[in-house]
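Novice: The structure is given below, and queries will be raised subsequently.
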């Protein structure tokens with residue numbers, strides 16, 4: 001298992017405002033839990049399966 005920022009189909013992080021959104025997202029991705037990381041407003045997941053993609057595309061338009 002690993003911790004990290006999950007990415008979508010375009011390999012961009014999930015932007016967020018609420019911890020509940022990220023916790024649900026992370027659990028859907030088979031993680032243990034998650035929260036909205038305040039410095040960059042992106043979901044951070046704890047306990048994701050090792051094969052979950054957490055490598056972000058450098059061309060993503062993100063809030064950070």
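Any Cβ shown, glycine's included, is placed from N, Cα and C.
Annotations per Swiss-Prot:
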- 12-60: disulfide bond (DISULFID)
- 16-36: disulfide bond (DISULFID)
- 22-43: disulfide bond (DISULFID)
- 26-45: disulfide bond (DISULFID)
- 2-61: domain 'LCN-type CS-alpha/beta' (DOMAIN)
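Walk me through where these features lie, including what they touch and how far apart they are.
Specialist: In the three-state DSSP reading, residue 60 (disulfide bond) counts as coil.
Under DSSP, residue 16 (disulfide bond) is assigned to coil, being neither helix nor strand in the three-state scheme.
In the three-state DSSP scheme, residue 22 (disulfide bond) falls into the helix class. Counting only residues at least six positions away in the same chain, the Cβ atoms of 14, 16, 34, 35, 36, 43, 44, 45 sit under 8 Å from the Cβ of residue 22 (disulfide bond).
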Novice: In angstrom units, rounded to an integer, how far apart are the Cα atoms of residue 60 (disulfide bond) and residue 26 (disulfide bond)?
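Specialist: Residue 60 (disulfide bond) to residue 26 (disulfide bond), Cα-Cα distance: 20 Å.
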